[in-house]
Amino acid sequence: MASPPFSSCSVKDAKVLMVGAGGIGCELLKTLALSGFPDIHIIDMDTIEVSNLNRQFLFRQSHVGQSKAKVARDAVLKFRPHINITPYHANVKDPEFNVDFFKQFNVVLNGLDNLDARRHVNRLCLAANVPLVESGTTGFLGQVTVHVKGRTECYECQPKPAPKTYPVCTITSTPSKFVHCVVWAKDLLFAKLFGDKNQENDLNVRSSDGASSSENVEDVFERRKDEDIDQYGRKIFDHVFGYNIELALSNEETWKNRHRPKPIYSKDVLSDELAQQNGNLEKNNVCDDELSVSAMASLGMKNPQDIWSIRENSRIFLEALRLFFTKREKEIGNLGFDKDDQLAVEFVTSAANIRAASFGIPLHSLFEAKGIAGNIVHAVATTNAVIAGLIVIEAIKVLQNDIKNYRMTYCLEHPSRNMLLMPVEPFEPNKSCYVCSETPLSLEINTNRSKLKDFVEKIVKAKLGMNLPLIMCASNLLYEAGDVEDDMIAIYEANLEKVLAELPSPVTGGTMLTVEDMQQEFVCNINIKHREEFDEEKEPDGMVLSGWTQPVSAAENKDKSVGNGASPSDALVTAVESEKNDEITVVSTLKKRKLPEETDISCADAEAKHQKQLEVIDDEDDLVMLDGDLDSFKKRKLS
């Protein structure tokens, strides 16, 4: 797709849009200001949390709870008072940030923390014909990429690793890794005890006999009015760590080739005396801040890097449960796990460890469990600073229209041939990209069974990332989201409930649908292919989309995990030392990128043991997701 050449612009005349004021954003704003950029606009919807302070150095303790964009502006103006910084405490997907808004900038710089927002910004930049400089970090790793319409690939030209997911059956029945135990403790047990009381999950199981189907069977998670909190805690403990494990063991077939778990009951690990002590520590826990209530403090345990014994985990479990019901009772029923909630982290850590002990999985410290539960890849501030510097370097090249020197730069954890920064030339646009090359997609779907709402939710929104879609079949409008006239709302809602073949303009095999997002000014054509049957396990959506940048599957990516349960993000490259041409290349999931000729590096060994893999994750924290049919278990990215 050809596009007109950009006119050169000096730094002192540039107007820049920054999206994200977090780990990368703080360093980027500081570097832009010190590099002479006079007019900077910042969009960020987040407020400052305590956990941000170790790497986002524009913020202080007194700023907790305030807007990141506004505080970052005020901090930088203290040492660069004569520049213009405009903050927006808002979501970049808000309607006010449309194509016309983006057109006013010379370059857009991303420091985002999720795939959805990155795709949205990419499409707005394409529609506005504004260059985009992308970035991401995880620990010591990071990357900066340049995306210019018609000259380089767009952000969506290449596949992105899919978020790490775990099958529900593995989580509930056959855990083999500590992360499985953490997800069980966080997304099932914690949610059941302290979240929505109406949700159903496998933790409700009471018996394998016919009595379990009786309407009068007591819900073990329901606390009776006259029930002592310590008795209730032991009842929960014995049910989830004892009874449920025994029930699982009754299915001999499951354990033929697996390690058999061991039921754990409170009487086996706690004496009556210890149990009573757990209930007599009220005075040690006087605290006005509910998020600072701590079972560790109650029990005199201080070091979060200690690995607790099974007895210590059991005491923490019971004490944390007691504290929730005595100190934070008003919150119960509406609580969700928060990595910054000390008591929640203590409860999840202890529950995960007890379950791990039952299944023969090594125990972990609270520090480690917190990292897994919050999917925290512990940030390295210097990596953020390096990446911010590289963003500014590429932004200056873009402003100068210095196309030949555009570089995608990857920051490595360990030197490869004395290199910690690996620059590679950008790809040209992918001719098969449905976003920047407008190549039609193909969708296999049972048009006699699938409803329009299935298509909208599973394809248009989930896979294509559209926010306000408009769907047309030939010249007939089937659905429109957003600001819709009142008399059309009922028609569109009725259409959503109809199967595709029964719509006013029937959608059958051979039909082409046009899907458009007015906010993104993005149009996509989809060829419909009717298909009768789908594999429920391999194709759970009941439809298969071809031609889009399908994320790398968990199976393909299994050897590339970060190691702490964090979700892989949206850039994946592998540095390979090539024996054939004595050069280092960077291999993406689709093709090879040659290093610039000026990089004088020789290499002698292309053995697999020398291959270095670079996974770049989001700058912020992700959530582990459960993969299965139980929608109530699925956890999405926090906004």
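Cβ atoms here come from the backbone N, Cα and C positions, even for glycine.
Unlike curated records, TrEMBL annotations are generated automatically.
Under the heading active site, glycyl thioester intermediate, TrEMBL lists CYS169.
The ATP binding site feature in TrEMBL is assigned to 20-25, ASP44, 52-55, LYS68, 113-118. Around ASN54 (ATP binding site), the same-chain residues at least 6 positions away in sequence with a Cβ under 8 Å from its Cβ are ALA379, ALA381.
Annotation source TrEMBL lists Zn(2+) binding site at CYS154, CYS157, CYS433, CYS436.
Sequence annotations record features per position, and here TrEMBL assigns domain 'THIF-type NAD/FAD binding fold' to 11-433.
Looking at the domain 'Ubiquitin-activating enzyme SCCH' (327-370) alone, the prediction's average pLDDT is 93. Look at TrEMBL and you will find 327-370 tagged as domain 'Ubiquitin-activating enzyme SCCH'.
Secondary structure by DSSP for the domain 'Ubiquitin/SUMO-activating enzyme ubiquitin-like' (443-534): 24 helix, 30 strand, 38 coil. Feature annotation from TrEMBL assigns domain 'Ubiquitin/SUMO-activating enzyme ubiquitin-like' to 443-534.
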Residue from GLY23, ASP44, ASP113, ASP116, CYS169 whose C-alpha is spatially nearest that of CYS436 (Zn(2+) binding site), among the recorded positions: ASP116
Largest tally of Cβ atoms lying within 10 Å of a Cβ, found at which of the recorded positions CYS169, CYS433, CYS436: CYS436
Cβ neighbour count within 10 Å of ASP113 (ATP binding site): 23
Residue counts (helix, strand, coil, in that order) that DSSP gives for the domain 'Ubiquitin-activating enzyme SCCH' (327-370): 26 helix, 0 strand, 18 coil
Cα-nearest neighbour of CYS157 (Zn(2+) binding site) within the listed recorded positions, ASP113, ASP116, CYS169: ASP116
Neighbour-count leader, CB within 10 A, binding-site residues: GLY20, GLY23: GLY20
Cβ-based neighbourhood (8 Å from the centroid) of the Zn(2+) site, residues CYS154, CYS157, CYS433, CYS436 excluded: LEU126, GLU153, TYR155, GLU156, PRO429, ASN430, VAL435, SER437
